[in-house]
Ligand code: NAD
């Protein structure tokens, strides 16, 4: 990564002064401007006379945050802070990540997306609407920052497990990019959230007078593809080296777009590849805990969309690396979708699912599939709440000493089971993780700390590795390395509590290690434009932004 943005802004003609600086979230530091700064920057009288350190401001923010009576109010409070004082926002998120992540990310960001047009206050990213077709390059030119390194884009079609939310999906790239900053130290000015508005098929949004997106059905086919092409070209024109992170696209487009662009530009799809790496890391972690081997696992998925197939493909790659034949490795992964078990010869099996459509008689329901296939692990990526019921969990516990239960669907309201259910119905033997966070569970005096199997453990570190090595492409090998590195960060103390992921408070250190692993692959495979430094870890850690107020004078 080239130099960080300047950390001082001595007053000069290009640097705003006076009231204007208070309106600029990247420069504002509220009541932490010193007397000298207030004088030089013409802020005297515009602020109360008292001075607060950043730590005091953090204390005030947390006091207010905790007084809010609902999670959505907390979300609004945090977004107002982001728009007012970005450095303080990033500091608060970093210092209180475990408390704040469930607000600015899953599950509350799901609620915020559903309410987006009703709680909207100020825009926080770029809205590339279909009406700008032919002029996207000009519109991207309106973004005020020249040095963007990571673009996170959605078209809002599959927001978490909540379905098509159209332009309201903007809350997701905003949340994801906040985590690039907090979890991996990417500078906020290097991050650009984008929603591509191609309409929505969500009837209640189309009928909502306050809905802020285009009020027509989604465009599809060639017209859609041409718009995405134009978007990619326009980003590359203005930000030639930026990573483009695709997020929450519908099943119809997610795989196609990844296939189309992955060898042409620096891009990845987080739902497919990031989720795959976090799930594989969870399996590696579970193997370390139980002493099992990956190749001995049989995994049954509930859901065969972007997340499920992405996980399946990465597990196959990992098993092949451990010496298993690919055909054997595929037979270790079985999928069920809304039509039952995915088997060879079944109608309507998409190209992505076909390699996992094995020879087997049709099985209509998940419980029967468990009984017939006898999996060691079940992974829920269906967006269907409660599908891992008591009967499913009991069946897994009957088959396995330590059944692996990953309920990865988001937000919490869509989780296939709760942590408590998983531990209760397996007599505390489950190795459990979930996409959205659950608190500690106490069962017969034993305390379980359920892990959060969320791609937030992966994408920030991968992004940091790509940005610091200035890699031109993102490969599957990088996600495999990210998964291994994440699993290596889990300590025996974590295992004792039933955790297969490191605690969130260690996330910056974890992301740095993932970044080193990813960057090493970029260097070894000739994909990096930045030369390999003598001390990659030291170099990468030095690039990580720490939210501290800049000194002006
Ligand atoms: P998707 O729309 O591509 O796929 C959903 C799949 O679920 C489809 O195969 C569909 O047929 C299947 N399904 C629907 N109803 C079903 C039922 N009753 N029984 C069995 N299968 C059923 O979505 P996706 O991108 O794969 O995401 C799915 C879920 O995974 C979402 O809730 C999303 O939030 C979650 N997810 C979690 C993470 C994470 O980091 N934990 C990352 C990505 C996605």
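Using N, Cα and C of the backbone, Cβ positions are placed for all residues, glycine too.
What TrEMBL says about a protein is an automatic prediction, not a curated fact.
In TrEMBL this protein carries:
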type     : residues      : note
DOMAIN   : 82-262        : domain 'Malic enzyme N-terminal'
ACT_SITE : 105           : active site, proton donor
BINDING  : 158, 410, 454 : (S)-malate binding site
ACT_SITE : 176           : active site, proton acceptor
BINDING  : 247, 248, 271 : divalent metal cation binding site
DOMAIN   : 272-523       : domain 'Malic enzyme NAD-binding'
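Within the set of recorded positions 105, 176, 247, 248, 271, 410, 271, 410 have a CB atom less than 6 Å from some atom of ligand 1.
Neighbour count (other Cβ atoms within 10 Å of the Cβ, all protein chains): 25 for residue 158 ((S)-malate binding site). Neighbour count (other Cβ atoms within 10 Å of the Cβ, all protein chains): 25 for residue 410 ((S)-malate binding site). Listed in sequence order, the recorded positions near residue 176 (active site, proton acceptor) (C-alpha within 10 Å of its C-alpha) are 105, out of 105, 158, 248, 271, 410, 454. Residue density at residue 454 ((S)-malate binding site): 24 other Cβ atoms are found within 10 A of its Cβ, drawing on all protein chains shown. The CA atom of residue 271 (divalent metal cation binding site) is located 10 Å away from the CA atom of residue 158 ((S)-malate binding site). In the predicted model, the domain 'Malic enzyme NAD-binding' (272-523) has a mean pLDDT of 96. Listed in sequence order, the recorded positions from 105, 158, 410, 454 having a Cα within 10 Å of the Cα of residue 248 (divalent metal cation binding site) are 158. Note on proximity: of the binding-site residues 158, 247, 454, the one nearest the residue listed as 'active site, proton donor' is 454, by Cα distance. Listed in chain order, the residues near the divalent metal cation site other than 247, 248, 271 are 154, 158, 159, 172, 246, 249, 254, 269, 270, 306, each with its Cβ within 8 Å of the site Cβ centroid. Across the structure, residue 410 ((S)-malate binding site) and residue 247 (divalent metal cation binding site) place their CA atoms 14 angstrom apart.
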